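K.L.:
Sharing a structure below in structure tokens format, with a few things to ask.
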Amino acid sequence: MDLQILDVKQAMDMIDNDESLFAILLEGFLNDAQFDKARLTQLIKQKKFEEAASSVHRVKGAARQLCAQQLASKGQELEDILRGKTDGNAALKAKEFFSLYDKTCKVMSDECRRLK
């Protein structure tokens, strides 16, 4: 099964189809959960992997709660690399995460507009 950027049906099922609540949650992610890509890149360059992993963990967790499946999955991959659970290029995986973060924010923003 392919993961969706934003599984609206699953998210709505979790909140009893309350569209106004979903809009509030999406806006919260877009406005409050933003993270500093430049800061994360710097942390990775400085090999401050634990601090970098914490930053990714926050975004990943919020994405998972909103059923932003691809971002949550990519965040888990990056977090696992940063925490030394798997091997990989953290800088390269971070670029993939940033790209998916931007796409996810666009989809969330579009969904917010649709709900209003």
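Every residue gets a Cβ built from N, Cα and C, even glycine.
According to TrEMBL, the domain 'HPt' annotation covers 18-116. Annotation comment: TrEMBL describes His57 as phosphohistidine.
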K.L.:
With every protein chain in view, what's the tally of Cβ atoms within 10 Å of the Cβ of the residue listed as 'phosphohistidine', excluding that atom itself?
P.N.:
16
K.L.:
Across the domain 'HPt' (18-116), what does the mean pLDDT come to, as a whole number?
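P.N.:
It averages 95.
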K.L.:
May I have the DSSP-based helix, strand and coil counts for the residues of the domain 'HPt' (18-116)?
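P.N.:
So the domain 'HPt' (18-116) is made up of 80 helix, 0 strand, 19 coil.
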